[in-house]
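Features as listed in TrEMBL:
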SIGNAL    1-20  signal peptide
DOMAIN    34-129  domain 'Ig-like'
DOMAIN    142-244  domain 'Ig-like'
REGION    277-297  region 'Disordered'
COMPBIAS  278-297  compositional bias 'Low complexity'
DOMAIN    289-384  domain 'Ig-like'
DOMAIN    557-664  domain 'Ig-like'
TRANSMEM  702-728  transmembrane segment
Amino acid sequence: METRLLPLTFALLLLGGCSARVVKVSPGPLIRVEGQPVSIRCDVIEYGGPREQDFEWEMSREPSSQKIKIISTFDTSYSHQSVSKRVASGDISVVRLKDNEAELKISEVKALDAGFYWCQTPSTDSVISGNYEAQVQLTVIPNTLKVSPQTPPPNVPEGSDLTLTCNVTRELTHPTYLSVTWLVKKGTTSEEILTFGPQGEVVTGAKFARRYADGGIRLVPGKNGVFELVISRVTTSDEGIYECNGTEWTHENGGKWIKIVESTKEMGTVAVTPTGRSLSVKASSSSSPSSSSLQLSPGDTMTLLCSVAADNLPSVTPEVTWLADGRELITMERSGVVASNGSRRAEASPERTEASLERTAAGEYRLVVRGVGGPDGGLYACRVRAFIGKEGRSSGGGGRWHMVAEKTSSPLTVKVSDISPSLNVVAKRIREASVGGATFEMSCSVTTENVGEAGYSVLIQSQDSLESNVRTIMTLSPDNVMQHGGATDPNRRDSLVLTKSGPAEFRFRLAGVQLSDRGFYWCDITAWTKQQPGQTWTKATSSESNKVKIDFQENGPSFSIAIQSDASSVYPWETAKMECSLSVSGSSPKTDDLAYEVSWFFTRLRGGQTTTQVAAVDRFGVVRKMLRNSSSDISVERKDTHTYLLNIYGTQDSDSGEYHCIATPWYLSASTGAWTEAGELMSSRVFLTVKFAVWDSLKLPLLYGAAASLGVGLFSLVFGLVCAQCCCRNTTHTPRSRNKLMDLEMD
């Protein structure tokens, strides 16, 4: 080859500036694992001669040691005898990728293959220029990658967590990196769940990306190459054969991650046990758990238990509903919120059934219905719907709830005897409040049947009218504990009294009634019983009394209004004043207990319906002036408590028109102690005329014109005399002819 290159070298010296040949190989050093395939690419550019180039590969253990010929694209006998058998078997081969690109392949690299590789391209150029060979180092390391997965449980209850543990290690002799991948195989197809590494990044499979983002899949790195993947709230769709893949990577100078060895191991088959297969629901009575029926008397308390069992009970979130004759009575939602779905008794009678539902233990839910009556009898069953977070944490954390099972218990028969307690309440007026500030008092008497010894709770309720909302004023418990209701003004609690005046009689007193107290008042009384001393009260029955009305009229003051103007007509630029006067009669309040809101209005037309507000002053003395189509200015003046003055300064023709005022009185009620708004008052109208002064507008122009005319006349007279004296006088005297006339006949 050296002999062949000498003429080309000489030609290169003669022909400078030609394109230079460039031979390149894969950037190194290359780190590969023993027994794995190796590919080294080589390409040439900027060359002369034929388009298809040939390639020769050589290697040596050290850069300076003797090279061994490996393989050539054009010479089949090129290979050294130490590698000829491997070339013949195809373990070492060269593949032409393009005319100017070839690839050296070693199917199973050995430790003795480590060294330096040269790619050479025989010259076809007219001149020798550039490089004709490139070198790359290949490092071969032993295969120390170990993938040791831990076998997962073969059966996992639906809704529970599945932990997949995999141990991936290797002996670190050269800078290599590891990644671990979990896969699930369903049939013949494996789906990637999650990959961790090689740079510490996490990559999820397409079907598991949202689940990972919601927290349904999480990675738990451990020590010594142990990694855990936790799949939360598994469903039947998570069944399959799980696999663990460990991969060793190298990061080459070209910036690419190269996979140098990998190993995939099956972890085991996981089956998910559906919740519905193990879910059981039972309804029973707390007093007789083994009986399928329950006998109660009117006024008793019914207590029923719903028992829920499942293999994965801690992993599911139940929704519990009690059904009465197939209709929903009360529900505890997944969040623990209890929602009542109505009472059948409320449809049958005015009595109210009080139902409550609570979780008393894991898988146990207690229904309590106090004061049962005949309509509460029937078939009671407990329905349970089991939910899991299909995507996300158990609290829902951004994921979606998925119902996995529903089951209803066998019905429990509840019978209520026909003998029911009754209660009647009669309200009477003891003291009537006919005027504000007086005291109102009423009594409520109770009569009962089939109740026995009972305690009573009393609610004093009121409403402004029969259609308005009901307010609770005061309450008295069966233990005689009195409380004020939410509708009670804290400043008036000393004026309210509720006492027990007899074994079955209660009195309510309201002192210092006000206008806001007017309306209807009555007693809502409930009878409570105790099965045994020391037990809690149990509701027997309840009833409302007739309604007693507080109705009195307050004779407040009466008001009147008038408007007057100091002049009906003004000249432009003068000031117009209009006075709005109010008067009060009847029960006149004090001066400090009285205020007015006053507004002035204007219209251009006499008797016009469209008016424009000019100015206003509120009851706190704040004045507002409105924009007007006039250059005049206005002000509002309060002369005294009942008199308000509107001033218009610099009146213009646009200020001509009708004016009137509207006032709203406010007074402090002696009975209610609150400011009260009286009816709106409107005054009569006054017409203001802004005169157009003809003489005032003409006298100055006339005076100026007369003065100008007189001046011009005098100037003309003086000028004429001067001209006559100076310009027209003859200084040479011509004697007058003595001849009078010539004889006319001379012609």
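The backbone N, Cα and C atoms fix where each Cβ goes, and this holds for glycine too.
Here the compositional bias 'Low complexity' (278-297) has Cβ contacts under 8 Å with residues 157, 303-312, 366, 372, 376-377, 380-384, 386, 405, 407-417, 419 of the same chain, all six or more residues outside its ends. Note on the domain 'Ig-like' (142-244): its mean pLDDT in the predicted model is 90. For the domain 'Ig-like' (142-244), DSSP puts the residue distribution at 11 helix, 52 strand, 40 coil.
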